[in-house]
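Taken verbatim from Swiss-Prot:
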type: REGION; residues: 1-33; note: region 'Disordered'
type: COMPBIAS; residues: 10-33; note: compositional bias 'Polar residues'
type: DOMAIN; residues: 37-119; note: domain 'SCAN box'
type: REGION; residues: 144-177; note: region 'Disordered'
type: CROSSLNK; residues: LYS152; note: SUMO2 cross-link
type: CROSSLNK; residues: LYS163; note: SUMO2 cross-link
type: DOMAIN; residues: 212-296; note: domain 'KRAB'
type: REGION; residues: 347-395; note: region 'Disordered'
type: COMPBIAS; residues: 383-395; note: compositional bias 'Basic and acidic residues'
type: CROSSLNK; residues: LYS400; note: SUMO2 cross-link
type: COMPBIAS; residues: 451-461; note: compositional bias 'Basic and acidic residues'
type: REGION; residues: 451-482; note: region 'Disordered'
type: COMPBIAS; residues: 472-482; note: compositional bias 'Basic and acidic residues'
type: ZN_FING; residues: 521-543; note: zinc finger
type: ZN_FING; residues: 549-571; note: zinc finger
type: ZN_FING; residues: 577-599; note: zinc finger
type: ZN_FING; residues: 605-627; note: zinc finger
type: ZN_FING; residues: 633-655; note: zinc finger
type: ZN_FING; residues: 661-683; note: zinc finger
type: CROSSLNK; residues: LYS685; note: SUMO2 cross-link
Amino acid sequence: MMAAVKSTEAHPSSNKDPTQGQKSALQGNSPDSEASRQRFRQFCYQEVTGPHEAFSKLWELCCQWLRPKTHSKEEILELLVLEQFLTILPEEIQTWVREQHPENGEEAVALVEDVQRAPGQQVLDSEKDLKVLMKEMAPLGATRESLRSQWKQEVQPEEPTFKGSQSSHQRPGEQSEAWLAPQAPRNLPQNTGLHDQETGAVVWTAGSQGPAMRDNRAVSLCQQEWMCPGPAQRALYRGATQRKDSHVSLATGVPWGYEETKTLLAILSSSQFYGKLQTCQQNSQIYRAMAEGLWEQGFLRTPEQCRTKFKSLQLSYRKVRRGRVPEPCIFYEEMNALSGSWASAPPMASDAVPGQEGSDIEAGELNHQNGEPTEVEDGTVDGADRDEKDFRNPGQEVRKLDLPVLFPNRLGFEFKNEIKKENLKWDDSEEVEINKALQRKSRGVYWHSELQKGLESEPTSRRQCRNSPGESEEKTPSQEKMSHQSFCARDKACTHILCGKNCSQSVHSPHKPALKLEKVSQCPECGKTFSRSSYLVRHQRIHTGEKPHKCSECGKGFSERSNLTAHLRTHTGERPYQCGQCGKSFNQSSSLIVHQRTHTGEKPYQCIVCGKRFNNSSQFSAHRRIHTGESPYKCAVCGKIFNNSSHFSAHRKTHTGEKPYRCSHCERGFTKNSALTRHQTVHMKAVLSSQEGRDAL
């Protein structure tokens, strides 16, 4: 057996291609690698004297085959998977594929596909195949060069190029090489997959679900494939294109890096994309152009990924600008520059956006009102933005607020109370939801969420003043006027909020009262506004440091009564919130919610810089300070600074000598709960050892 292996190894270079050394370093199934693999797989225990020598020999043979010093982990896995793939192939295909010495799994798959596409034809040598194919396809210009590079660099996919973007940089006297290629037949179907009767393959077009990307790029790929002179060439071109597209899909699910996000923002700032996206955020052509711009810079992203990232950046920027997030967004300056440049530009007509007609319009960062950009409320965040997790978790315990909201009816508007939910975790939780409705007080009215959803579902250019949800869009001028009059709720001349039409005083119902908002109270320190003076008083305690609520047990002060109630449970030992899965109890509902995420695996807080995810907001805030370099917590005694509040609290106890965590066995005190947990393992070991001693007796 070993003699056969040695005979195979004796002349490994006689049939070796001289250009093989210039290819990738993997050389997965080259003759040398195949001989090493066979020596490893065919090694017998009887060839050595003992188990130690057998194990050492196997180790040596495995290193000769996989070469861990020169190969990465991915390359070693590639070799193992390639070996198993070749083993499970049918014998008639396996023999021929092994003779071709595929260098990686992708090349092996391509060889098997070639055999299956032409089962009755003789498969030629790869270089000969290439020469014949290039000779037949010589008139195809750019397509020929694409095929040559795809054939020779199957392992390393080339960066995609887009003729549409390149043609814009050509001089007027030049003509793109792509236009010299023969045109596809004019009767080529555009809505269905065209079945190639000679090869049994399906040529995918724009309307079908194929391996290539859809819409314009799918049509381009289909036409280039149709230009191939024969069925074999079309099959080869299709295989190369599919392998190229498979690398694009590798970027799916990969977090956005810092440089990649900066490149996306640079593309937005150097074009009219950002302004167009404010009028139509679901325009697929714009996101496709953004993806092409990223591809030209070496970043592989799909249009849908560009759309999701753009809306995530918008959401983060909007939160920071409105004071909802204490730490600044890392790309705040870039987004602020984009928003300012678009706001100063003249308003664009709806028909200036390519492909807007017939597309779904979403409510975005800005909205047109009488030709001027005005900020929209947080309630208009669409479904895609709602998928981007808020910095606060909406699933935590909420309190109910009675907020007067304007509801539409057939005669106009009326005020009703709507239950509002807000997070208890933030100290200004009660004023956040009210502040969202009042911080843009120039609007003059509250909008009900159901009314907003109905407005968002209509295109901006077609939004009409409606009398009822079921009313038709097409109306006579008199009907439209009456419908518009019923929508205006003031008893004096006003400008309509939705469409900008002026309404005289006579069109309003005399019995309708004028809409008035409660006076807004503003904090002189930070400028935040509140609908009630009591909310302002409570907020000012943050600046003054006042803590009127004192614990009768330890004297600790709190600015909120709810925080004092939660603190008292540490003295009484009350833990009313219990986990339904493991039975663990907590004294705060927010702690239970964070704990439950350990069972569900939910991590709603994701860093936009590195993509790392967290299951609670405190860890997320501390992590973001790593990127910004911020350390807001400073010890007044020694001057040491911290970026994490929990570490800062533990450090302060070293100065005060406070040890709130005590062992129930020996009454020893600790400054950290983790230190107490480690200490309790000592007692547990002692208990277990004593039980084992009694069992032995």
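Note: Cβ is positioned from N, Cα and C throughout, glycine not excepted.
Since the structure is predicted, the reported quantities are computational estimates derived from the model, not experimental observations.
Look at the zinc finger (605-627): DSSP puts its residues at 11 helix, 4 strand, 8 coil. For LYS685 (SUMO2 cross-link), the count of additional Cβ atoms within 10 Å of its Cβ stands at 10 [all protein chains shown]. Model confidence over the zinc finger (661-683) stands at 85, taken as the mean pLDDT rounded to a whole number. Ranking 605-627, 633-655, 661-683 by CB pairs under 8 A with the zinc finger (577-599) puts 605-627 at the top. Look at LYS685 (SUMO2 cross-link): DSSP puts it in a helix.
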